[in-house]
Amino acid sequence: MPDPGVGVVDVCRIEGPQDTDKVAQKIIECQTPTPNEVVRYFNAELKKRICFLDDDYRGDRFKDFSELDVNGVPVSLKGNNDLLIFSKPELIQGIHEEFFRAGSDICETNTFNGTAISQGEYKMQAIVYELNKVGAQLAKKAAADVTKAEPHKPRFVAGAVGPTSRTLSVSPSVEDSSFRNVTWDELVESYKQQVSGLVDGGVDILMIETIFDTQNAKAAIFAVDEYFLETKKERLPVMLSATIVDNSGRTLSGQTVEAFYVSVKHAQAFTVGINCALGAAQMKGFYKKLADLNAGLCHVYPNACLPNAMGGYDEDPEMFSNNMLDYVLQQQFCGRLLRHKVKDCPGRKLPDLPKYATMQLSGLEPFFITPESGFQWVGERCNLMGSPKFKKLVDAYKWDEAMEVWLQQVDKKADILDFNFDSDLIDGQTAMGRFMRMCVTEPNVARLPFMIDSSKWDVVEEGLKCVQGKCIVNSISLKVGEEEFLRQAKLCMRYGAAVVIMAFDEQGQAATYDEKVRICQRSYRTLRQKLDFPPEDIIFDCNVLTIATGLPEHNTYAIDFINALAEIKRTCPCVSFSGGLSNLSFSFRGLNSLRDVMHSVFLYHAVPKGLNMSIVNPGGLPRYCDIDEHSRKLAEEVILNNSADGKHVERFLEYAEKAKNPPAAAAGGAAAGPAAAKDAWRSGTYTERLQHGPFGFPGNLLVPSPAARRSFLSTERYWDLSLQPPGSELISGIDKYITEDVEEARQDLKVPLYVIEGPLMQGMGIIGDLFGAGKMFLPQVIKSARVMKKAVAWLTPFMEKEKREAALANGTDPDQPKWNGVVLMATVKGDVHDIGKNIVGVVLGCNNYKVIDMGVMVPAEKILERAMEEKVDVIGLSGLITPSLDEMVYVAEQMKAKGMTLPLMIGGATTSTRHTAVRLAKKYDFGVIHVLDASRSCTVVSALLSKEKKNYLADIKEEYTEIRDEYYATLVDKKWKTIDQAQAKKPQMDWSKVPPRPQFIGNLCIKDHPIDGIMQYIDWTPFFQVHQLRGKYPNRDYPAIFKDSRVGEEAQKLFDEAKEMLAWIVKEGVMKCTGVVGIHPANSVGDDIEVYTNEDRDTVKCKFYGLRQQLGMNEATYMCQSDFIAPKGVAPDYISAFACTGGIGCHEQRMKCEETGDIDKAILLEAVADRLAEAFAELIHLKIRKTLWAYAPDENLSLEDMLKVKYQGIRPAPGYPSQPDHREKEQMWDLLDVNRLTEKKLELTDSHMMMPSASVSALVFAHPQAKYFSVGQVNIDQVKAYSARRGESGVEGTERWLGTTVLGYEKK
């Protein structure tokens, strides 16, 4: 039994003396009877009779009201009838009196729209408290006057709390089902303010009415509870009244009347009923359903004389009265004839309460769990912990596809739906809220009860705030301590949720039978005694733990669970039980069929003991009787921990091992020797030999279906190159047999082009898949492209012959060059990076495409002019830096403006499919395709020039539309700190550790530094990454990469070539390394850094502008570069900067290579120059730390430690994560006087790119607490402030340079 004072009161069954005279006298004096007095009066009266409820004039006060709406239009007060409380108080009071004198026991206040949300529609939020208080006082005066005249029948006032004009369960947006124009917290606060005014005005009852959305009503109930908890006043009786909107018997938000009752049952309402919307005749059936389910008092007040479509009335008062009498007869309130008046009939006799209550849940429909219900399947596939597919979709913001996962669970007959968003890199609270809001709008999903599943209470609460039905919370436990356990349980009661209690306490997890029983019994006693928690809403999870692990102490886990169920069920009446089946068989991951057998056998024994629900994949388990006898016996032995010889665990482990590694079938004849195995692939079809040979793809599928290919690509055999015999031609880059295999294919397919479009292009597609999955690396891709080139070269004469014959037949010139197509490529204006573009050119050239490479920094006008002049088939744009993205958008816009119809390919390190879909595809209508990497360029161009182009572009368009929709949807989920809030959370630095005064102040040019003095600082790991050579741990980085079984050999070859090139560079002096370094006085001012001309610090030479982290990720601090420089007036500080290049002369040498056709050498040259520039930067930074500034003179770090950033301070580069605005290089160039000191050998382009491209620049911060960080995304308020500090009149320039990656909003 509950402890004294904590029992939940059933207000409909409060008994006690009824002092009508005392109650009447209080009402006559305009006082409010106590809640107990009100309830006792009505409980007594309702045994004798039916009780009755009643159901743009500005005045002087508002005659000068002149508020404007968001569109600048004057707000009309017409329709704001609640204002009659102020403008016509005598009229309102008179109406109340008329209803009282006509026989009403209770009248509602004229406060239906008395919330700040509803009054906000009229810009009248400021009067809400007063409106409710005065409205209550007017009704109280009317009640006093009538009660004084009829003291034998006191009159009462119900404070009317309307639904507001907004809804938590329905999205006002057609495009986004997760969008809401109000939040739970806003509604609760608004309702609480209204309740405050009504209570202070003296109402006797609170009436939450015309409920069209149960979640709104739950917010109102929550607000009522919160108000009385905070004020410590005695809670007033509450009446709840739903509105059935049509003959379907559902509310506007889709719930049936039974589901509505279950959802609000926790409110312990005085009465629950229905009102409005339909007439008395139409509501009878729905009222009966409610009354049959409700164990308490009911009410009904239909529309009187329901108006028809023409504004007239089809019912008269006599018809309405007769219909109302039917409600009395329907419930057998009395046995009188129909013509007897309702007021002469006694009230409803309350039904007897059941001895053992059963669980009632709801979605859009009710869901009752009774002893006869059997086992309930809790679908787990929307659980990030239990479904990799669902997690992948959530990670990619593919919410609609994630919803399809749940629809599949419903189709598989799940009874309850479990939602879990606990993950290390996902904002679980935001994800839970968003998905819940989507789910409640999907009828097929929302009809079932939800299980809100999280180990984080704030995530659980977010889910509860979004769901109108009665949910299950999964889970809480005593491990957080009894006080927090009770707090969470009490909130579950207030939200109206059942709860899963895990068998944990302060000492940990219950593993044994005794621990499970002890903790669950303690949890039960605590909830019942301290909170009077409904026992039927308690679900125990006694911890299903892993068995058959090989450890003897784990062998009893399953049988202990099963036995504990029976004991807990015996000693804790009314509770339910759940468990996570997947834990039972965790030892056998990967053996899904075996695990399913274990789960099915476990349920067979656990369900009769009390287990009545479990989180599973519905539809995935075999029936117990369908399991073969041998498997069933083995599983039964380990689950029950019982066998004749006691060796059941060992037997089961052997059985599992055989299932994992089945014995090989006996081979006929002797094993083939190594040579035979090596050449076995040659026995396949030409299709297998050309493209799939060693991968075993079905040779009869010349053009495999997408589904077949996806299925095959998912197999382990496909991806594990080590399992394949050597010798596929395209994929392994073997050209020994290519011509004979291509010729065999040509003779079979008859048309040479079919060989290219069929097996060869499909092979290149697989190469792209392998490359994208990291199973091939760039040199292999190029090697495969060269095999492709040899294959195409064999076919070319045959194709030319065909084309020549066709040309002669058509009367055209047969001697025109015969390319597969012409592709124009360019690095866009402002960008100087083109290594990736050059590799694409190689791959396309090998496939008989004519490639016109326009180089780097090419203006849009030049690109399009050349494209039209050359009559190209495809344009390809490349870019590395963020501003290049906007330049690509500009090119697309210009293509549209010129009426061009060529497809546009997009590639480069800074590009992405998402950016292409969101920013580019909308600008141009004839195909914009993002190409992920060089290996895929050939298949994309081939598709764009084939007869399937139209279908290909249609697929791309559909994919990009989906990506755009997902992107725009994610903008809603972001939580921002205002810039002021972010600045207030800047890191606190220890300014007693300001670095010492530098040994050198000013600028210093380092001209033609010897390369052999730089080479020792080269970091080779990025060099291999550029060539897509990535080893596996522990052989991932240089020099361990040479030991890697997959890429080691190729990496060694490439490294040897690079070393030879370095030796050649040093010997011939073909490239130079030059740089400039400076150190200057500086201090921070807000988010910026002022650099001074001298130590007096009275003249600012330049200013570096800072951006601060702003995206709310629950971080303790939000950083900006300026945080690492002492604030002005606190201490004198300094800043260093440098710019250097390792590429002077690189461009000239590259041009020579290209002239001789040595593209591979040109690519390698640029990669080596990049390494030299980075190594030079490492050397300069070292000199700054140890000698020029000398803030770390005793540093003695290895190169490995330097590359791991173990030195003091940081050296961030402008345009990169900690300051992503490339324009900051302008100040650096001016400060360092780079152009003059380097004689313009190191320059900035108009787009702030460094030339030569193999160059590095950085700011140097010396404070020991300085650390690298990423600004991430910023919001509009910071962009405006940042632009203003830079002296710009608007945000356009900043938005362009920060680009979509940094901007956290959709720019105009």
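Note that Cβ sites are derived from N, Cα and C of the backbone, with glycine treated the same way.
Note that the coordinates shown come from a computational prediction; the quantities given were computed from them, not determined experimentally.
Feature annotations, reproduced from TrEMBL:
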type    : residues                                                               : note
DOMAIN  : 40-360                                                                 : domain 'Hcy-binding'
BINDING : Cys276, Cys334                                                         : Zn(2+) binding site
DOMAIN  : 375-636                                                                : domain 'Pterin-binding'
DOMAIN  : 713-807                                                                : domain 'B12-binding N-terminal'
BINDING : Glu757, Gly830, Asp831, Val832, His833, Asp834, Ser878, Thr882, Ala934 : methylcob(III)alamin binding site
DOMAIN  : 820-955                                                                : domain 'B12-binding'
DOMAIN  : 970-1307                                                               : domain 'AdoMet activation'
BINDING : Asp1019, Arg1211, Tyr1268, Phe1269                                     : S-adenosyl-L-methionine binding site
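Residue counts for the domain 'B12-binding' (820-955) under DSSP, split into helix (H, G, I), strand (E, B) and coil, are 65 helix, 26 strand, 45 coil.
The CA atom of Phe1269 (S-adenosyl-L-methionine binding site) is located 28 Å away from the CA atom of Ser878 (methylcob(III)alamin binding site).
When the Cα atoms are compared, Tyr1268 (S-adenosyl-L-methionine binding site) and Ser878 (methylcob(III)alamin binding site) turn out to be 29 Å apart. Restricting the average to the domain 'Hcy-binding' (40-360) gives a pLDDT of 83. Geometry remark: Asp1019 (S-adenosyl-L-methionine binding site) versus Ser878 (methylcob(III)alamin binding site), CA distance 26 Å. A straight line from the CA of Cys276 (Zn(2+) binding site) to the CA of Arg1211 (S-adenosyl-L-methionine binding site) spans 70 Å.
In this structure, the binding-site residues Tyr1268, Phe1269 were compared by how many other Cβ atoms lie within 10 Å of their Cβ, and the smallest count belongs to Tyr1268. The Cβ neighbour count for Cys276 (Zn(2+) binding site), using a 10 Å radius and every protein chain shown, is 19. Within 10 Å of the C-beta atom of Arg1211 (S-adenosyl-L-methionine binding site) sit 23 other C-beta atoms, taking all shown protein chains into account. Rounded to a whole value, the Cα-Cα separation of Arg1211 (S-adenosyl-L-methionine binding site) and Ser878 (methylcob(III)alamin binding site) is 28 Å. With a 10 A radius on its CB, Ser878 (methylcob(III)alamin binding site) counts 29 other CB atoms from all the protein chains. Just so you know, the Cβ of Asp1019 (S-adenosyl-L-methionine binding site) picks up 16 other Cβ atoms within 10 Å once every protein chain is counted.
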